[in-house]
Amino acid sequence: SVSRTSPNLAFVPACLPPDPVEVKELQRFISNSKRLFVMTGAGISTESGIPDYRSEGVGLYTRTDRQPIQHTEFIHSASARQRYWARNFVGWPQFSSHQPNAAHLVLRNWEKLGKLHWLVTQNVDALHTKAGSQRLTELHGCTHRVLCLACGDQILRSELQEHFEALNPTWKAEAFGVAPDGDVFLTDEQVRDFQVPACRKCGGILKPDVTFFGDTVSREKVNFVHQRLAESDSVLVAGSSMQVYSGYRFALAAREKLLPIAILNIGPTRLDHFASLKLNSRCGELLPLIV
């Protein structure tokens with residue numbers, strides 16, 4: 001099911017309504033595109049009620065001193081994994097209930113019409129999948145899947161939630177705020193007694209199927225996305241400042257191929273100096289205006 005109610009704007013930076021001139025410019029850009037390559041970031045999901053990291057005034061980095069977990073910390077520290085999974089366990093019911101907004105639906109419709117050639121998202125929230133997008137690469141994985149680091153077995157995150165509940169029947173913790181990737185703020189004292197299950201097949205360490213900070217995207221996935229980009233004739237970046245290199249590299253490749261690039265993002269991005277078009281609007285407000 002897809003929510004069609006008014007968007008939750010608590011985590012969306014303030015911006016002016018779309019400028020009619022800019023709407024026409026983006027319309028021209030999209031109309032001229034036959035095989036559009038789209039990259040999305042956290043700014044497309046803020047209107048679904050999911051905070052991002054970097055937005056001025058409302059992003060996690062500006063509201064708190066909280067930092068996301070690092071890959072090496074998760075791999076090498078049992079206490080770090082315990083802390084991560086306890087927070088994730090509390091936050092999962094709310095995080096997994098978020099629904100696509102108008103921007104996700106527009107991109108799905110463009111795919112159905114044959115306009116959108118490929119969609120790459122840096123988000124791990126599954127909202128593009130919920131919206132029905134199929135020509136999709138989740139660059140940093142998805143929190144709705146969990147894998148074993150030892151044997152590679154995969155399970156659904158919803159299934160792991162049941163394992164957590166079985167192991168922690170009396171454990172309760174009240175959350176203080178929510179983070180972009182679905183976990184919440186808990187104290188060390190709250191986390192101390194939380195039990196974390198191992199892989200049911202081999203006893204290995206369970207990790208969400210996402211690329212944590214400090215980790216790298218697989219070479220196979222990067223090559224695949226480069227191939228889809230090579231087949232495209234234009235690039236639209238929606239809701240991303242492109243500060244993370246794993247996504248930025250594809251913008252650099254598009255520039256080398258002399259592909260026109262349009263950016264729809266509230267606030268500056270790493271691409272502003274070489275983009276063909278830059279629009280400073282909400283994705284869910286402007287994209288539905290494009291025919």
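The backbone N, Cα and C atoms fix where each Cβ goes, and this holds for glycine too.
Note: TrEMBL annotation is automatic and uncurated.
Not measured: the values here are computed from a predicted model.
The domain 'Deacetylase sirtuin-type' feature in TrEMBL is assigned to 16-291.
For HIS140 (active site, proton acceptor), applying a Cβ distance below 8 Å and a minimum sequence separation of six or more within one chain yields GLN122, ASN123, VAL124, VAL210, THR211, VAL217, SER246. Summarising the annotation, TrEMBL assigns active site, proton acceptor to HIS140.
Sequence annotations record features per position, and here TrEMBL assigns Zn(2+) binding site to CYS148, CYS151, CYS199, CYS202.
Cβ neighbour count for CYS199 (Zn(2+) binding site): 19 (other Cβ atoms within 10 Å of its Cβ, all protein chains included). Listed in sequence order, the residues of the same chain lying 6 or more apart from CYS148 (Zn(2+) binding site) and placing their CB within less than 8 Å of its CB are GLN154, CYS199, LYS201, CYS202, GLY204, ILE205, LEU206, LYS207. A sphere of 10 angstroms centred on the C-beta of CYS151 (Zn(2+) binding site) encloses 12 other C-beta atoms. Other than the site residues CYS148, CYS151, CYS199, CYS202, same-chain residues with C-beta atoms no more than 8 angstroms from the centre of those residues' C-beta atoms, the Zn(2+) site, are LEU149, ALA150, GLY152, ASP153, ALA198, ARG200, LYS201, GLY203, GLY204, LEU206.
In the predicted structure, the domain 'Deacetylase sirtuin-type' (16-291) carries a mean pLDDT of 91. Neighbour count (other Cβ atoms within 10 Å of the Cβ, all protein chains): 13 for CYS202 (Zn(2+) binding site).
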